[in-house]
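Since the structure comes first, as structure tokens, the remarks are kept for the end.
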Amino acid sequence: MFGSSDLLILVVLVPLITAYFLPLCGYIRSSLCNLVSVFSLSISLIISLYLAKIVVLEGTIQYFTTGFQPPFAIEIRADQLTVLMVLATILLSLLTVIYSRYFIRGRFTEERKGLYYALILLLAGGLNWFIIAADIFNMFVGLEILSISSYTLIGISQKRKAIISGFKYLLMGAIGSSFTLLGIGYLYIMTGTLNFNDLALRIIELNLMHSEAILASLAFIVTGLSIKSAIFPLHVWMPDAYSEALVPICALSSGIIVEAAVYMLIRIIYTVYGTKIIMEIVPITTIFLYISGIAIILGSFFAISQTNIKRMLAYSSVSQMGYIILGVGISTKLGLSAGFLHLFNHTIMKACLFFAVGGVVYRKGITEIYEFRGIGKKMPWTMTFFSIAALSIIGVPPTNGFVSKFLLAYASLDAEKWFFAIIILISSLLNAVYFFKIINISFFSGKKEEEKDIKEPPKTILIPTGILAILCIIIGFAFPIPLSMIETAIKSLIT
Amino acid sequence: MIWVLDILLLILLPLTAIVVVRSRDLMVAAIVYSIYSFDMAIIYTQLNAPDVGLAEAAVGAGATTILFLIAITKTERMEE
Amino acid sequence: MNLSFYLQHYNYWICVSLFMIGIYTMIAKKNIIKKFMGLNIVDTSIFLFFISMGDKRNAAAPILHAENEIIVNNYVNPLPSVIILTAIVVALGLTATALSFAVKIYEEYGTLNSEKIERLW
């Protein structure tokens, strides 16, 4: 019988194995693909909920693939933070698959639909692999699986520009992967191990704190994962990719792929290198602090100047990634937990925004902001969900965005970095500028022309959007639950 | 005296890489890339990693080159 | 850290120069397929780096000859080989994806020159 630790590997295996059967289903009957992928991801969701319960009650789960103990075995582990990430991944992939049922109708031929769902499931499996790895090379393999499937997903679209944006993403991402692999090489040549905890021990044991090779590995890994996570100066692939890709893929990419990369970046720099290297020897947290300040402000300004709503949301993502990095920059326990809380909140908010925009795209096929005139009267539910998520990103009180922004501002005041509290306030105002513009256009101006045929998108598009919008408000009240889980994990992360 | 062979093979690597970069005919570049990969495979075997040598000979010199050739026949041969 | 140390580790010099050649190709060459050849050169240079670090002087490949006597110092480290076996396959997958992108781009735009594509965009 399965033990609880054996269940952990199923989170990876169930989506990955299903992914290989989906093209077959596509040949038999294309409508089967959607059902099979929903079924598979639902099973994964149940497993991950059960895992979350176990982890909260009993603590960290470890699983070794061979009979040995680590560092000789390949280890995967799940602490409270990991379980939250896995939950977010599976939930968002499930909603994306449900959402895609009507959204991709007519965009692909019947055989291709199977491949589309297979790629999404590969992405989900790769993400889970990437997240639960406690071994730096396993992390790399998971990273490659998720990257290759995400390049392809960004590239498939009706528009010809999508191929070019996918190609640009591939070039940058491939350089990022190579850099990560090189960094792993430097770590391995100095320490002779790959396990996260063992690496941390060896670096202290062998007195490698000031070794140039270790610092080079830090530089390579941070650069490589920063490209994947679109941290400010390396974000250039993101707006191009999102403006052309299919909307569900934008939601998935912006909601979870960049988040997973930044999560792994934080995990590696804290567990492997430890606070002494990243704060004193190479002040990487200070660098992140200033980068985050620039990213928050510049991302908001770029977002204001956009006319395409998907590009605007992409630049908004750049700004929001700045908040998460700000948590690292503050580098106190409170700051880091606020950053991680914002990471999960951003998953929900940004996916909800993209889903709502996708509803409009499905009915009208528009992405320019001025064309949203009067949409709110035709599609009240869609635009209401959009407004809830937008208010959440701005940080209006009963939503989850307010909680994490408030905690970030409080943490920066607490760490006597009051300047960044001011930046958070200014950025909230800038966010308000561009989101209220859309809300205003869609609800309060209009009657330009009466189009009778515009109505709400189908339920499979509306319901995932609604679930995420409701989650925005629920987490706004129930934030202590994820926050306590994050804080427990961070206590072991920062020692 | 095996180290002379080692060094010759190692020097061949950047030379073939430069030919790959400089040649304007993509077909030539792909074939020279195959030589480069095969050279790399021999070096892996010399460095006591025969399994990687086999894999590189099959994957690098074989599969990757074939992929490049297929891509070149489907697109254009000369670099502009 | 004297000159002979650097001269003895000549493999790594080749790795560095190959890495640089590959990065140069990815940045400077306009042709998309050429860029991916550069990517492959970068990848193989990293593989060579891993394999070089696993090697030892006067040691044999990690294949078990006699079961009774296993002296660890007589065998090279097998772990980098295993890592690189995985990474080679991953690189093949990446190349296949990239080349399918290149073919698709050629079908849509009729050129592989990245500057021309940028103008057509």
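Using the three backbone atoms N, Cα and C, a Cβ is placed for every residue, glycine included.
Per TrEMBL, transmembrane segment is recorded for A:6-28, A:81-102, A:114-131, A:137-157, A:169-189, A:246-269, A:281-305, A:312-331, A:343-361, A:381-398, A:418-439, A:460-481 (among others). Taken from TrEMBL, the feature domain 'NADH:quinone oxidoreductase/Mrp antiporter transmembrane' covers A:133-430.
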Can at least 3 Cβ pairs under 8 A be found between the transmembrane segment (A:460-481) and the transmembrane segment (A:246-269), with each pair 6 or more apart in sequence? no
Stretch-level contact, the transmembrane segment (A:281-305) and the transmembrane segment (A:114-131), CB cutoff 8 A, at least 3 pairs: no
By a Cβ-Cβ criterion of under 8 Å, what residues six or more beyond either terminus of the transmembrane segment (A:343-361) are in contact with it? 84, 88, 92, 95, 99, 103, 247-248, 250-252, 254-256, 259, 262-263, 309-310, 313, 316-317, 320, 323-324, 367, 372, 375, 379, 382-383, 385-386, 388-390, 392-393, 400-401, 403-404, 456-457, 461-462, 464-465, 468-469, 471-472, 475, 482
Which range wins on Cβ pairs under 8 Å with the transmembrane segment (A:81-102): A:137-157, A:169-189, A:246-269, A:312-331, A:381-398? A:246-269
Same chain only, please: residues at least 6 beyond the ends of the transmembrane segment (A:381-398) with a C-beta under 8 Å from a C-beta of the stretch. Say none if there are none. 316, 320, 345, 348-350, 352-353, 355-357, 359-360, 375, 405-406, 428, 431-432, 435, 438-439, 442-443, 456-457, 462, 465-466, 468-469, 472-473, 476-477
Same-chain residue ranges lying at least 6 outside the transmembrane segment (A:246-269) that approach it to Cβ under 8 Å: 81, 85, 88-89, 92-93, 96, 99-100, 103-104, 107, 120, 123, 127, 130-131, 136, 139, 143, 146, 150, 153-154, 156-157, 196, 218, 221-222, 225-226, 228-231, 238, 278, 284, 310, 313-314, 317, 321, 324-325, 328, 336, 339-340, 343, 346-348, 350-351, 354-355, 357-358, 361, 493
Contact set of the transmembrane segment (A:137-157) with the rest of its chain, CB cutoff 8 A exclusive, min separation 6+ beyond the ends, reads 74, 76, 107-108, 116, 119-120, 122-123, 125-131, 163, 165-167, 169-170, 173, 177, 180-181, 184, 194, 228, 241, 244-246, 249, 252-253, 257, 260-261, 264, 268
